[in-house]
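Only one structure is covered here, and it is reproduced in the block below.
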Amino acid sequence: MGCCSGRCMLIFICTLQLLTALERQVFDFLGYQWAPILVNFLHIVVVILGLFGTVQYRPRYVVLYLTWTVFWVGWNIFVCCLYLDLGGLSKDSNYLSLGVSSHSSWWKENAPGCDDRDLPATRWQSLESPALISSLGCMLEYQYIEVLHSALQLFISLLGFVYACYVLSVFNEEEDTYLYK
């Protein structure tokens, strides 16, 4: 069997997942986000195994990839909810750093377009309503960058899930045709 369109597409999706996971891993390292670092590392390992299973016709590895993809989708939904403060979660919590550091997302201090030089000497908006000013004029706030990262991971993972199911059905179909010849 050559490279059927589903198999080639799954190889492409796995490669895309590796690239986006490595990019995400770098920013999690910069922000000392220990839980995402561990989960991203496992994700990279399982995606490599899924890629290997697709190339080498190993259905067990593709099943492992499928199972992991369900967990990965759940993880990314959790991250989206965390950064959007949904479901009782708070972006200011220390869930992602596992409580070992006070660091948060790297994007919090380095979001694109943020200019901290223009912050007033006193970081309070007014004395009557004490709301702390953290940054002025950001193009995109850090929590939305994190949500966009997770949404991209969700989209690619869902595509990977669909194509992995298709590749498994092709593997099973081919196995059945060899059994009955």
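Using the three backbone atoms N, Cα and C, a Cβ is placed for every residue, glycine included.
Now, the feature entries from TrEMBL:
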SIGNAL    1-21  signal peptide
TRANSMEM  34-55  transmembrane segment
TRANSMEM  62-86  transmembrane segment
TRANSMEM  151-171  transmembrane segment
- request: Go through the chain and flag residues at least 6 beyond the ends of the signal peptide (1-21) whose CB is under 8 A from any CB in it; none is fine as an answer.
  value: 40, 43-44, 47-48, 50-51, 54-55, 57, 62, 65, 149, 152-153, 156-157, 159-160, 163-164, 166-167, 170, 174
Statement: Same-chain residues at least 6 beyond the ends of the transmembrane segment (34-55) with CB under 8 Å of its CB atoms are 7, 10-11, 14-15, 17-18, 21-22, 24-25, 28, 61-62, 64-65, 68, 72, 75, 79, 95-98, 100-101, 160, 164, 167
